[in-house]
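Chemist: Have a look at this one.
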Amino acid sequence: MIIRSPEPEVKILVDRDPIKTSFEEWAKPGHFSRTIAKGPDTTTWIWNLHADAHDFDSHTSDLEDISRKIFSAHFGQLSIIFLWLSGMYFHGARFSNYEAWLSDPTHIRPSAQVVWPIVGQEILNGDVGGGFRGIQITSGFFQIWRASGITSELQLYCTAIGGLVFAALMLFAGWFHYHKAAPKLAWFQDVESMLNHHLAGLLGLGSLSWAGHQVHVSLPINQFLNAGVDPKEIPLPHEFILNRDLLAQLYPSFAEGATPFFTLNWAKYADFLTFRGGLDPVTGGLWLTDIAHHHLAIAILFLIAGHMYRTNWGIGHGIKDILEAHKGPFTGQGHKGLYEILTTSWHAQLSINLAMLGSLTIIVAHHMYSMPPYPYLATDYGTQLSLFTHHMWIGGFLIVGAAAHAAIFMVRDYDPTTRYNDLLDRVLRHRDAIISHLNWVCIFLGFHSFGLYIHNDTMSALGRPQDMFSDTAIQLQPIFAQWIQNTHALAPGITAPGATTGTSLTWGGGDLVAVGNKVALLPIPLGTADFLVHHIHAFTIHVTVLILLKGVLFARSSRLIPDKANLGFRFPCDGPGRGGTCQVSAWDHVFLGLFWMYNAISVVIFHFSWKMQSDVWGSISDQGVVTHITGGNFAQSSITINGWLRDFLWAQASQVIQSYGSSLSAYGLFFLGAHFVWAFSLMFLFSGRGYWQELIESIVWAHNKLKVAPATQPRALSIVQGRAVGVTHYLLGGIATTWAFFLARIIAVG
């Protein structure tokens with residue numbers, strides 16, 4: 001008799017052909033909802049169609065189907081991203097002066113867009129140097145392309161075609177994994193496996209392959225470029241990859257191959273994996289050998305991290321165990337139950353991811369200027385300002401999104417009957433203490449931060465400069481910030497003995513780096529002016545958090561409306577006969593939070609723009625004398641509200657206001673148009689629904705008189721729809737106005 005060990009059961013993780021592919025169904029507007037699919041009775045139908053198209057929760061309550069829809073939509077998103085990237089590379093290949101810029105990046109400005117001569121628009125094609133006329137771009141693509149070793153427009157064409165292939169592949173994957181082989185719910189909930197694959201695969205192998213590309217392709221090509229070799233004379237990427245002797249001429253350790261690696265004599269590789277710190281004086285960017293070293297180190301960390309979690313083999317961490325063991329002395333059951341929340345509520349999961357990614361994006365904004373990663377990025381002031389502003393806005397939106405989805409989780413997915421005495425339950429039970437304390441902090445910060453400015457304006461108006469808070473009168477030095485700067489400046493040789501220079505020139509202690517007689521970076525001094533505006537930052541951030549957190553903690557119930565959870569995520573008021581209950585839904589808190597996020601980020605980007613023009617950016621003479629763009633006026637001018645209005649907003653708006661008739665005139669038109677878009681928003685925000693309904697009814701009467709009445713009954717926007725349209729135009733108008741103001745200014749003077 002043969003005894004066989006039982007065969008291990010193979011888990012089937014996908015359903016085959018679960019949903020048929022039907023273009024007839026998709027062609028029907030609102031096919032995802034019985035009500036909407038019936039077609040329009042009133043004009044509200046089109047708004048509901050847009051509001052619910054991506055609200056998968058409203059299509060079905062089946063978590064598996066919702067998960068599959070989200071998964072499939074992600075592939076669609078990736079497809080759009082590849083298409084967009086492909087377009088960027090195509091513009092670089094077809095409409096740009098990339099090759100000219102590559103040969104002289106200090107005198108030629110990047111341009112990848114040429115305007116057609118229709119109705120005189122060719123005025124927008126400014127002279128960017130090198131005999132090329134086009135629109136100056138500030139996206140940083142040229143700098144990324146140079147850093148990655150792209151030396152010709154042909155290579156950009158090839159990459160653009162590759163992007164299109166990947167876009168098609170992603171579209172196919174989105175269809176395939178919903179209609180042909182759709183993963184089961186268990187697959188989406190297998191977090192350990194997901195962590196292992198994402199950490200080791202995406203982040204680990206991704207970083208490793210990028211490090212490999214940098215070592216074998218970017219470093220040698222950039223070494224030639226920095227030495228002034230004509231891009232057409234530089235060997236092509238595959239020659240470096242296939243011919244080791246070619247690399248060994250630049251980096252001698254390549255001649256020894258992998259021997260130093262396996263004999264643990266890693267120091268041999270120090271010619272291309274460095275730990276220098278600071279900036280390359282030729283390009284004003286981080287040392288590319290430092291960056292390659294960084295990606296190799298990150299890859300090792302993530303490859304290890306991707307083998308830490310317990311899957312089919314009984315070793316490693318289980319997330320559920322980690323969470324349930326996470327108990328503090330004052331937190332009751334601690335994180336018990338969070339595992340179930342995060343594997344059954346994608347809103348809860350998304351909320352955490354948005355909060356993390358939003359914070360990370362803001363961190364990226366701050367590192368792009370203080371540690372500029374790409375060659376010739378630091379001296380391209382327009383790109384520096386654009387990258388900072390862009391990443392700040394994106395980070396702000398993501399963080400508000402985190403609060404929005406946390407509130408949706410509270411309303412739709414939170415089950416109070418199964419949660420007792422865990423962390424979330426405890427936070428909810430003393431939410432009054434949290435919100436009232438936060439409210440007190442906001443009042444304190446608001447009065448004190450603004451009060452310092454009002455004091456200065458008053459003293460300035462009364463002609464008493466000696467009584468102002470300033471670096472030359474009553475000093476309020478940011479001593480903690482200065483201490484942090486100093487600690488980092490002194491780190492090489494003390495806490496970071498391996499590093500030659502500090503992580504960033506901004507800490508101080510070093511000399512400035514100039515490229516082509518322009519300042520790339522220098523130690524940034526902090527004084528009373530920065531102390532004042534930093535407290536405005538603290539104030540606006542805390543108010544944003546107050547509004548958003550109150551929305552989350554009171555999403556299900558409040559003293560005013562105990563049954564709020566039954567009313568849903570967004571509702572205008574608690575029904576007729578209950579006055580004073582409007583604008584209390586979780587959605588309304590997100591709506592209000594967006595305005596304060598806009599306030600907060602605006603002050604940050606204004607601070608950055610002025611500070612850099614005043615104290616960092618500028619030209620340097622052959623004698624070594626630095627002339628800053630605004631001549632260091634930040635310290636004395638930004639300490640009054642009047643100074644911000646007069647010396648920043650008004651003084652620096654002259655370029656955009658006077659741009660008519662020049663190649664910057666598009667920014668002048670955008671400045672005007674975006675102000676109009678912003679003003680248009682006020683019509684939605686300050687006006688009641690009834691006003692519009694009355695107006696519509698008299699317009700309908702006129703149509704009836706002329707027998708041209710539509711079949712679909714016109715309706716005013718609901719209160720929530722009106723506020724949504726209002727906040728959208730407010731933010732769009734405000735951001736586009738700022739964009740035009742910043743770019744016209746910095747392209748003209750930078």
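Easy rule for this one: first residue shown is 1, then count along the chain.
The backbone N, Cα and C atoms fix where each Cβ goes, glycine too.
This is the feature table in Swiss-Prot:
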type     : residues       : note
TRANSMEM : 70-93          : transmembrane segment
TRANSMEM : 156-179        : transmembrane segment
TRANSMEM : 195-219        : transmembrane segment
TRANSMEM : 291-309        : transmembrane segment
TRANSMEM : 346-369        : transmembrane segment
TRANSMEM : 385-411        : transmembrane segment
TRANSMEM : 433-455        : transmembrane segment
TRANSMEM : 531-549        : transmembrane segment
BINDING  : Cys573, Cys582 : [4Fe-4S] cluster binding site
TRANSMEM : 589-610        : transmembrane segment
TRANSMEM : 664-686        : transmembrane segment
BINDING  : His675         : chlorophyll a' binding site
BINDING  : Met683, Tyr691 : chlorophyll a binding site
BINDING  : Trp692         : phylloquinone binding site
TRANSMEM : 724-744        : transmembrane segment
Chemist: Sequence-remote contacts (6 or more beyond its ends) of the transmembrane segment (346-369), Cβ cut-off under 8 Å?
Modeler: 66-67, 70, 377-378, 384, 387-388, 390-392, 394-399, 401-406, 408-409, 412-413, 521, 608, 612
Chemist: Look at each of the binding-site residues, Tyr691, Trp692, and point out the one with the fewest other Cβ atoms around it within 10 Å.
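Modeler: The binding-site residues Tyr691, Trp692 were compared, and Tyr691 has the fewest Cβ atoms within 10 Å.
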Chemist: Among 70-93, 385-411, 531-549, 589-610, 724-744, point out the range having the most Cβ pairs under 8 angstroms from the transmembrane segment (433-455).
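Modeler: Comparing 70-93, 385-411, 531-549, 589-610, 724-744: 531-549 has the most Cβ pairs near the transmembrane segment (433-455).
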Chemist: Between Cys582 ([4Fe-4S] cluster binding site) and His675 (chlorophyll a' binding site), what is the CA-CA distance rounded to a whole number of Å?
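Modeler: Checking the Cα atoms of Cys582 ([4Fe-4S] cluster binding site) and His675 (chlorophyll a' binding site) gives a distance of 29 Å.
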Chemist: Counting Cβ pairs under 8 Å that sit 6 or more residues apart, are there three or more between the transmembrane segment (589-610) and the transmembrane segment (385-411)?
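Modeler: Checked: the transmembrane segment (589-610) vs the transmembrane segment (385-411), in contact.
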Chemist: CA-CA, which of the binding-site residues Cys573, His675, Trp692 lies nearest Met683 (chlorophyll a binding site)?
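Modeler: Result for Met683 (chlorophyll a binding site): the nearest of the binding-site residues is Trp692.
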Chemist: Is it possible to get the count of other C-beta atoms within 10 angstroms of the C-beta of Cys582 ([4Fe-4S] cluster binding site)?
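Modeler: Its Cβ has 13 other Cβ atoms within 10 Å.
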Chemist: Return the residue, from the listed binding-site residues Cys573, Met683, with the maximum count of other C-beta atoms within 10 angstroms of its C-beta.
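Modeler: Of the binding-site residues Cys573, Met683, the most buried by Cβ count within 10 Å is Cys573.
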Chemist: Around the Cβ of His675 (chlorophyll a' binding site), how many other Cβ atoms lie within 10 Å? Please give the count over every shown protein chain.
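Modeler: Counting Cβ neighbours of His675 (chlorophyll a' binding site) within 10 Å gives 15.
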Chemist: For the transmembrane segment (385-411), I need the partner stretch with the highest count of C-beta pairs below 8 angstroms, choosing only from 70-93, 195-219, 291-309, 531-549.
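Modeler: Comparing 70-93, 195-219, 291-309, 531-549: 531-549 has the most Cβ pairs near the transmembrane segment (385-411).
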Chemist: Can you work out which residues elsewhere in the same chain, 6+ from the ends of the transmembrane segment (724-744), have a Cβ less than 8 Å from its Cβ atoms?
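Modeler: Sequence-distant neighbours of the transmembrane segment (724-744): 138, 382, 385-386, 389, 393, 591, 594-595, 598, 602, 605, 609, 652-653, 655-656, 659, 664, 667-668, 670-671, 673-685, 717.
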Chemist: What residues elsewhere in the chain lie close to the transmembrane segment (531-549), defined as a C-beta under 8 angstroms and at least 6 residues from its ends?
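Modeler: Answer is 399-400, 403, 434-435, 438-439, 441-442, 445-446, 448-450, 452-453, 456, 469, 476-478, 481, 589-590, 592-593, 596-597, 599-600, 603-604, 607, 638-639.
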Chemist: Which secondary structure state does DSSP assign to Cys573 ([4Fe-4S] cluster binding site), in the simple three-class scheme?
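Modeler: Its secondary structure by DSSP: coil.
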Chemist: Can you tell me how far the Cα of Trp692 (phylloquinone binding site) sits from the Cα of Cys573 ([4Fe-4S] cluster binding site), in Å?
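Modeler: Cα-Cα distance, Trp692 (phylloquinone binding site) to Cys573 ([4Fe-4S] cluster binding site): 19 Å.
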Chemist: How many whole Å apart are the CA atoms of His675 (chlorophyll a' binding site) and Cys573 ([4Fe-4S] cluster binding site)?
Modeler: 32
Chemist: What Cα-Cα separation, expressed in whole Å, is found between Tyr691 (chlorophyll a binding site) and Cys573 ([4Fe-4S] cluster binding site)?
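Modeler: With distance taken Cα to Cα, Cys573 ([4Fe-4S] cluster binding site) is 18 Å from Tyr691 (chlorophyll a binding site).
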